[in-house]
Amino acid sequence: MTISPQDALTRCIEHREIFHDEMLHLMRLIMRGEMSPVIASALIMGLRVKKETIGEIAAAATVMREFATTVDVPAAILDHFVDIVGTGGDGANTFNISTASMFVAAAAGARIAKHGGRGVSSKSGSADVLEALGVNIMLTPEQVAQSIEAVGIGFMFAPNHHPAMKNVAPIRKELGVRTLFNILGPLTNPAGAPNILMGVFHPDLVGIQVRVMQRLGARHAVVVYGKDGMDEVSLGAATVVGELKDGEVREYEIHPEDYGLQMVSNRGLKVADAEESKAMLLGALENVPGTPREIVTLNAGAALYAANLAGSIGDGITLAREAIASGAARAKVDELVRVTNQFKK
């Protein structure tokens, strides 16, 4: 079933849903560059104002995956293969907590396929801070797979894996607000990681995104929203969790105190640029006491639970503390820098 972009826009204005097959058609037009930027931006904002449904998001993610340049990984690693990602758009401008957590989780035995880009709505995207650390992010899909094998971490720079997104990038940049594409990025991991720790920018998205992951065939998904507005597990407030496990979805709240952590404001986590983010990230991995280390420990613990290496978030936190205290997490940074730079011609 097809629908014209103009009819879809009318549907958005009237707060009516765009059906699965219609959304597939519209997304393919956008990804092929066959929809004018004016109509595409109007439609993207129309969906945002209407509020995207589970069906619309799942259909859009399906098309984005169709157009992606994928990374092949061996089936043997899938049980503990995880993505740690935030939708961005939370406006918090914190250091790269999910990127720091990635090094900790890998040091504790997870295999990570991290999918990210440069800062769009933040001061420092995952690609920005990794480059500041000296990581070569311009890898081929084969090199990403080799990096996962050698280090336990593969970073997939989104523009390399979603070439069709070049048709959307100028629109996203000019709009400068969070849109459907903030929601889609975490759903379209090019390595097909079946497990995920995903932070979202709005509480309504917790239940939506976890059910989208269910439709897309994820194994273990932990979707989180900090009630202080963070797209991470927060130290400054309760965190709303949507979890998909064994095919079932449940929603609940967790608190820092549940894990023996003190509730503290996240104000001290703000950074102005990638260099500041790098300094805070390294401090956390070097076991410097303070809020950065604690929030990384908390999020890495949740990632290790999502990766099926811990029976609970609390058990994951114990593993994360050990990985930081032993120096293994900090060593992962140097390992990733060394391995990725070997690929440079």
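Cβ atoms here come from the backbone N, Cα and C positions, even for glycine.
Remember, predicted model here, so these are calculated numbers, not experimental data.
Feature list (source: Swiss-Prot):
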- G86, 89-90, T94, 96-99, 114-122, S126: 5-phospho-alpha-D-ribose 1-diphosphate binding site (BINDING)
- G86: anthranilate 1 binding site (BINDING)
- S98, E232: Mg(2+) 1 binding site (BINDING)
- R172: anthranilate 2 binding site (BINDING)
- D231, E232: Mg(2+) 2 binding site (BINDING)
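Of the binding-site residues H115, R118, R172, H115 has the largest number of other Cβ atoms within 10 Å of its own Cβ. In sequence order, the binding-site residues near D231 (Mg(2+) 2 binding site) (Cα within 10 Å of its Cα) are G86, drawn from G86, H115, R118, R172. Annotation note: D231 (Mg(2+) 2 binding site) sits in a coil segment as assigned by DSSP. The separation of E232 (Mg(2+) 1 binding site) from T94 (5-phospho-alpha-D-ribose 1-diphosphate binding site), Cα to Cα, is 10 Å. Cβ neighbour count for E232 (Mg(2+) 1 binding site): 27 (other Cβ atoms within 10 Å of its Cβ, all protein chains included). Around G86 (5-phospho-alpha-D-ribose 1-diphosphate binding site), the same-chain residues at least 6 positions away in sequence with a Cβ under 8 Å from its Cβ are I97, S98, P186, M198, G199, V200, F201, D231, E232.
When the Cα atoms are compared, H115 (5-phospho-alpha-D-ribose 1-diphosphate binding site) and the residue listed as 'anthranilate 2 binding site' turn out to be 18 Å apart. Between the CA atoms of R118 (5-phospho-alpha-D-ribose 1-diphosphate binding site) and the residue listed as 'anthranilate 2 binding site' there is a gap of 12 Å. Counting Cβ atoms from all protein chains shown, S98 (5-phospho-alpha-D-ribose 1-diphosphate binding site) has 26 others lying within 10 Å of its own Cβ.
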